[in-house]
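If you look up TrEMBL, you'll see A:17-409 marked as domain 'Cation/H+ exchanger transmembrane'. Annotation comment: TrEMBL describes A:523-575 as domain 'Sodium/hydrogen exchanger regulatory region'. Taken from TrEMBL, the feature transmembrane segment applies to A:12-29, A:35-56, A:68-85, A:97-120, A:132-153, A:165-185, A:206-227, A:247-268, A:289-307, A:319-347, A:359-380, A:386-409.
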Amino acid sequence: LDYQHVQVPFEITLWIMLASLAKIGFHLYNKLPSVVPESCLLIFVGLIMGGIIYGLNDRSPPVMDTDIFFLYLLPPIVLDAGYFMPSRPFFENIGTILLYAVVGTIWNVFGIGFSLYGICQVKAFRLQDVSLLHNLLFGSLIAAVDPVAVLAVFEEIHVNEKLHILVFGESLLNDAVTVVLYKLFRSFCEMPTIKSVDVFAGVGKFFVVGLGGVLVGLTFGMTAAFTTRFTKDIRVIEPLFVFLYSYLSYLTAEMFHLSGIVAIIACAMGMKRYVEANISLKSHTTVKYFMKMWSSVSDTLIFIFLGVSTIGENHEWNWPYICFTVIFCLVWRALGVLVLTFFVNRFHVNTITSKDQFIIAYGGLRGAICFSLVFLLPDFRRKKLFIAATTVVILFTVFVQGMTIRPLVDLLAVKRKRESAPTVGEQIHIRFLDHLLAGIEDISGHWGQYYWKDKLEYFNSKYLQKLLLREYDQPKSSIVLLYEKLERKHAIELAEAGQLGHTLSHPSLLNNDRTVVTEKKLEDALDPDVLENIQEILARNLYRIRRTGPAYSRHTLPGETEPAKEILILRHKSL
Amino acid sequence: MQLLVVEVLRGWPGRSGASCGSWCLLGGVESKRCHPASRNVRDPSGPGCAGVVGDNSPGSHYCGFRRQRSAVQRQRDLISHSQITRLYSRFTSLDKGENGTLSREDFQRIPELAINPLGDRIINAFFPEGEDQVNFRGFMRTLAHFRPIEDNEKSKDQNGPEPLNSRSNKLHFAFRLYDLDKDDKISRDELLQVLRMMVGVNISDEQLGSIADRTIQEADQDGDSAISFAEFVKVLEKVDVEQKMSIRFLH
């Protein structure tokens, strides 16, 4: 038995296998994902595994190595988020997102740091030796909202597109701020004295980190687009370039102490439209599916490891500190959202309602990034206290907030219901008007900051397209590509299966039957049971307009949802 | 019909000077005061030029009508400069053939419209009867229906023609999307067609028929088994149509 030889790959594969089997297991029982979010279940599985390992070996199970997390597990998730990020809502709300990400995070960091320092001054808690700097350091790593956890939980609750993109965009972009503050405070810890020059250097560093990350990302993105211009004869390795360049951008940014997350997002968003035009349809599909697959696996592994690492002897349980940490996290986030939203609403016509504010504040979940950062802290006497506090905060946000956010959202929505249910006619006409408005908005190109977009479009058509696209014809969007693909395959399949032919009504048939059927139907229509049936049918089957659903989903590809396919096929048939 | 006055910036990128000019867009009515020719305009047949006016001042051309409006009224101008220039830029970016008009293919190139159930009907609403091209003026006119109703307009004088974006006109626009044969009635067939577009493939014809019957039966007051415009308006009286059919052109 030569276990030593294969140990490392074998164990890695076993962990991934466990993660995937766990995922299958949850979805076997249909009701479970709606009550408990998947992330909670995964942490739970991790806790069980950790407990087993601890019991067997009688020592702490392997703590998730921060290198593994930052270098291998995080990039696929962020790449997936960046590549499928819907650019229109993102750039429409970029001002708000940046405000929340930068100002909100700084507010949280200092708020939590100072209040915890205040708590430490209380003699009864025996926390005198935790200095202000340590508290600020802790604040900087606990304040950041985590994209992995946010995504996992927001999948379950159905919020509208704008809200989804606000929280999600904020969680991605606050990485720059977190990185800077964390490194800043850590270097302050090691310096004997702190001069104000150092503080200013810190502020300057923030801009360098953020903008540098964007620059690195865009450079690699453009290079990737340029490379794919020449891959016409080697279609098979085209998808590889997408992943290689993105990963390189992440690593390069990390090498220069810039923000890797911002770099990889900039790279993905920058290269997407050129790469999609250059690579073949099959490579395109491969890229999309591999991205989704890797990000799913990473996601699952992170949560399981989180659970495993919780068990063990790494913790010092000082309950007052821990409880106050949790309380302050909630309080400062709520305050921050309130104040910032007040400013945002002054400048925008589309206000953020109080229900939205609640969701933003309550949806500020912490996750694995905090966990890894706390393990990266230099070893000082109170490190285990911080580890314990971080663990509790993460478990609290994921379990308590994750599980209760959906009932709370439903509760808030119920309060605004109308007194009387809308009539059938009203329902249909309202949905009709909604679709009409969505269409008109799309035609009028409803955009904010269109000045910069127009400039960018001009720059794009003049220079970039000629350089980066192989065939400079009308660039087709992914929807149009999908439409053509469907036109070839599905329309034939479904027509052959007879399904569409049956349900599409021919006007001629309808006319013949109408006279006979009309009298009977009118009487039926008065029947209240039929009315209920109709209401139910409509509620289930009317197509939803785009803006009411989440803009980005971990598990489905955009444009391949069932309604989209059906609409495309029906329109093809009617042309 | 409201007066929309535009000053289009010179040398719009990509248009190489062809758009220097200004337009008087009186919905459907040519302004008799707009002079047909002007010395300072390079291309009077540019996109959507209904009439061009010269003012002799080098940097700006204004239609004679505009001087009549007071400064206060200018503040409340229906669609402001920036909005119009913004829409014009959108028009030109859609117009791939660069001939100053949009065809149906130009609209169909918008990806989100492809998966909108009412996509085809909305596109058709832009094109006047029997034509295949729409110029900027027609484009703007259709979009003017969706301007939000400002509060200070509601108490305006009732003598003038009703603005395009009044509640009644908005509903009329929507009604015309249902009523394809233009007989001012939504018949059962027309309702069924729209329903079929909006509903998934899992609904059988009988169910759809009963939904259509129920809709007509709720709305019909004069017993003709069709929905007239007045009945349509009555059904939607509790709905905030002004908000549902308005786009904020600026963010």
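A Cβ is built for glycine as well, from the same backbone N, Cα and C atoms used for every other residue.
Keep in mind that TrEMBL annotations are predicted by a computer and have not been checked by a curator.
Across A:12-29, A:132-153, A:289-307, stretch A:132-153 shows the highest tally of CB pairs under 8 A with the transmembrane segment (A:319-347). Per-stretch counts of Cβ pairs under 8 Å to the transmembrane segment (A:132-153) identify A:359-380 as the leading one among A:12-29, A:35-56, A:206-227, A:247-268, A:359-380. Most Cβ pairs under 8 A with the transmembrane segment (A:68-85) among the ranges A:97-120, A:289-307, A:359-380 are made by A:289-307.
Counted over residue pairs 6 or more apart, the CB atoms of the transmembrane segment (A:359-380) and the transmembrane segment (A:165-185) come under 8 Å in at least three pairs, which marks the two as touching. Looking at A:12-29, A:97-120, A:206-227, the range that has the most CB pairs within less than 8 A of the transmembrane segment (A:289-307) turns out to be A:12-29. When each of the listed stretches A:12-29, A:165-185, A:206-227, A:247-268 is scored by C-beta pairs under 8 angstroms to the transmembrane segment (A:97-120), A:165-185 comes out highest. Here the transmembrane segment (A:12-29) has long-range neighbours at 38, 41-42, 45, 49, 296-297, 300-301, 304, meaning same-chain residues at least 6 beyond its ends whose C-beta is under 8 angstroms from one of its own. A Cβ distance under 8 Å defines the sequence-distant neighbours of the transmembrane segment (A:35-56), meaning residues of its chain 6+ beyond its ends; these are 18-19, 22-23, 26, 149, 152-153, 155-156, 300, 303-312, 395, 398-399, 402-403. Counting only same-chain residues 6+ beyond the ends of the transmembrane segment (A:206-227), those with a CB under 8 A from a CB of the stretch are 176-177, 179-180, 241-242, 245-246, 248-249, 252-253, 256-271, 274-275, 278, 464, 467-469.
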